Amino acid sequence: MAKFLLLLSLISLTSGFIAHAYEPSPLQDFCVADASNSARINGLICKNPTMVQGADFHFAGLHVAGNTSNAVGSRVTPVTVTQLPGLNTLGISMARVDYAPMGINPPHTHPRASEILTVLEGSLHVGFVTSNPENRLITKTLQKGDVFVFPVGLVHFQRNVGKWNAVAIAALSSQNPGVNTIANVVFGSKPMIDSDSLAKAFQAEKSIVNQLQSTF
Ligand SMILES: *[C@@H]1O[C@H](CO)[C@@H](O)[C@H](O)[C@H]1NC(C)=O
């Protein structure tokens with residue numbers, strides 16, 4: 001009997017771990033983030049549920065195009081728990097992405113989320129790269145209405161291949177997906193990663209590394 005109970009608890013522990021690999025299932029109807037609470041937990045402290053209002057579950061403005069006048073020609077407008085406190089503990093978020101003609105959303109990863117993206121306007125060439133050692137590039141050109149998924153953690157990107165502006169909406173499987181833009185993480189860290197290491201890692205002249213570091 002004791003052995004059976006142990007087995008049962010092991011099974012429930014294991015399946016619990018799998019189900020909760022990214023974000024815990026809610027233990028109540030909601031846990032609206034209380035931005036004024038300075039306590040630090042994995043997630044954010046819940047606001048008193050009796051004080052919760054419709055506004056806590058609401059975000060306005062995703063119809064507004066992002067400003068793409070920048071070096072990469074794209075703009076992400078995020079709707080994560082930071083912008084929408086009602087997302088706390090729910091394991092989802094979204095974003096609008098605007099692309100100028102030739103604009104790119106540069107190679108990046110989301111450490112805590114898969115991403116499902118749908119094109120509202122224009123044409124996008126999208127892709128992601130599988131892990132080492134294959135590093136296989138998987139791509140697709142998307143038209144209005146097409147949907148594409150970027151698996152959690154993998155480096156991915158989008159490029160506007162149409163003549164006009166493009167718009168996409170992305171849904172992500174975390175209230176706080178995180179973004180690591182490869183160029184910024186590698187060449188723009190503060191303080192900088194030493195350029196000798198980067199020159200060796202990228203098998204490039206140190207002058208090239210220094211140039212990239214000064215750009216990012
Ligand atoms: C868009 O961003 C550029 C560069 O920062 C700025 O000069 C321009 O005024 C912005 N346009 C709008 C409509 O906000």
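The backbone N, Cα and C atoms fix where each Cβ goes, and this holds for glycine too.
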**OP:** Look at the Mn(2+) binding annotation in TrEMBL, where His108, His110, Glu115 are given, and name the residue from His63, His156 listed for that site too.
**Re:** His156
**OP:** For the disulfide-bonded residues Cys31, Cys46, work out the Cβ neighbour count at 10 Å and name the residue with the minimum.
**Re:** Cys46
Original post:
Are there residues of the same chain, six or more positions away from Asn105 (oxalate binding site), whose CB falls under 8 angstroms from its CB, and which are they?
Top reply: Val72, Ser74, Val76, Val97, Tyr99, Phe157, Gln158, Arg159
Original post:
Which recorded positions (Cys31, Cys46, His110) fall within 10 Å of His156 (Mn(2+) binding site) by Cα distance?
Top reply: His110
Subject >> Cys46 (disulfide bond) and His108 (Mn(2+) binding site), distance between Cα atoms, whole Å >> reply: 31
Original post:
Taking His108, His110, Glu115 as the binding-site residues to compare, which has the smallest set of other Cβ atoms within 10 Å?
Top reply: His108
